[in-house]
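Record features, source TrEMBL:
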- Ala3, Leu4, His5, Phe6, Gly7, Ala8, Gly9, Asn10, Ile11, Gly12, Arg13, Gly14: NAD(+) binding site (BINDING)
- 1-197: domain 'Mannitol dehydrogenase N-terminal' (DOMAIN)
- 204-381: domain 'Mannitol dehydrogenase C-terminal' (DOMAIN)
Amino acid sequence: MKALHFGAGNIGRGFIGKLLADAGLQLTFADVNQVVLDALNARHSYQVHVVGEQQQIDTVSNVNAVSSIGDDVVALIAQVDLITTAVGPVVLERIAPTLAKGLELRRANANDAPLNIIACENMVRGTSQLKEHVKKALSAEAWAWVEQHVGFVDSAVDRIVPPSESATNDPLEVTVETFSEWIVDKTQFKGELPNIPGMELTDNLMAFVERKLFTLNTGHAITAYLGQLAGHQTIRDAILDEKVRAVVKGAMEESGAVLIKRYGFEADKHAAYIKKILGRFENPYLKDDVERVGRQPLRKLSAGDRLVKPLLGTIEYGLPHVNLIKGIAAAMHYHSEQDPQAQELKQLLADKGPQAALVEVSGLDANSEAVTEAVKAYNAIA
Ligand SMILES: NC(=O)c1ccc[n+]([C@@H]2O[C@H](COP(=O)([O-])OP(=O)(O)OC[C@H]3O[C@@H](n4cnc5c(N)ncnc54)[C@H](O)[C@@H]3O)[C@@H](O)[C@H]2O)c1
Ligand SMILES: O=P(O)(O)OC[C@@H](O)[C@@H](O)[C@H](O)[C@H](O)CO
């Protein structure tokens, strides 16, 4: 079985690509980073440091790489059995035209073998969003063929993988936590269901996507934003700060109450899930900067993402949300010289003030109590 994975970054090399290669799939990474492409094609292998209470170094072997721009990647799309991505939500739209070209070629070559595409991004149904971008790039005829032969499979992906701090400056080495979870929607596959150790199949994906994004990522983001305000550089230092921890835990409990109501999760099991996540944030073997976890604050403050979506859930069910509000206010204070979205947010706040800026990025109602509460919390921090 042949696989093509877009995005040879942290989660690509450290999780999804590793699982596919370990399962014996013939794996090619597609990326735009020439240093990484050259290193993969020179060595065809790299090391994954799995760190936690038990530590091990795994070697991922027999992998190739191709530029995600050009004819080679298009030719591969026409041949492979599985395509996965871990490029970041904003890049999905950029790779869609290439996917469309490859699917056109596949059709022209009369390759009717089933192909499945799985986006492994921190998004609610990211593959379905990618599907819409691909559809826009194809004729109605080509799309009818794609719908028959190509499965667009949504997934939830969980493993904390910060950029590696390789002692040897190896651009391929990656450091990952021991925990990992990749859950895919089995109802969306074309052809036989794949048997890839580490890939779990479910027919109830939304519950898993929301559980992960609105617990781990909600708590992670708030740890980063409050951590930065308190002067911490890493997620571990931030979560060990009792004041930060109390808000983070409170916010995960608030989003948890929404999830319990919506999906019928058992309260004690969900409390154990939160406890485990807090332990993962404390991992002493990972150096995860608040700037990585807080990256792209406009995305994180948008309506469907980890801060505002759970808040909307609490409003829907009439549940408390004081800690989620504190998290949103802290996100509005996020600053980073390297992050264009942080710069944009800063400018927006300077131009329009906190109320209008928050309404613009979050889609929240300007006259809602939630906006008033968030602006009050923002000003209190200022
Ligand atoms: N790192 C984590 O802990 C983690 C965990 C779960 C999910 N995720 C999700 O995985 C995705 C990737 O995150 P990451 O941390 O691995 O980021 P990353 O920046 O380490 O990796 C992204 C990779 O995509 C590549 N890329 C950019 N544009 C491209 C293009 N047009 N074609 C092909 N490749 C391109 C980059 O060069 C880079 O190698 C994000 O959606 C993130 O939310 C990350
Ligand atoms: O990747 P982002 O920017 O959506 O979120 C940053 C982190 O919260 C995220 O990468 C986590 O490490 C990951 O989701 C763990 O599974």
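Even glycines carry a Cβ here, placed using N, Cα and C.
A TrEMBL annotation is a machine prediction, not a hand-curated record.
Reduced to three states, the DSSP call for Gly7 (NAD(+) binding site) is coil. A simple way to gauge crowding: the CB of Gly7 (NAD(+) binding site) has 26 other CB atoms within 10 angstroms, across all the protein chains here. Only Gly7, Gly9, Ile11, of the binding-site residues Ala3, His5, Gly7, Gly9, Ile11, Arg13, place a Cβ under 6 Å from an atom of ligand 1. Every protein chain shown contributes to the tally, and the Cβ of Ile11 (NAD(+) binding site) ends up with 27 other Cβ atoms within 10 Å. Within its own chain, His5 (NAD(+) binding site) has Gly12, Ile16, Gly17, Leu20, Leu27, Thr28, Phe29, Ala30, Ile83, Thr84, Thr85, Ala86 as residues 6 or more apart in sequence whose C-beta sits under 8 angstroms from its own.
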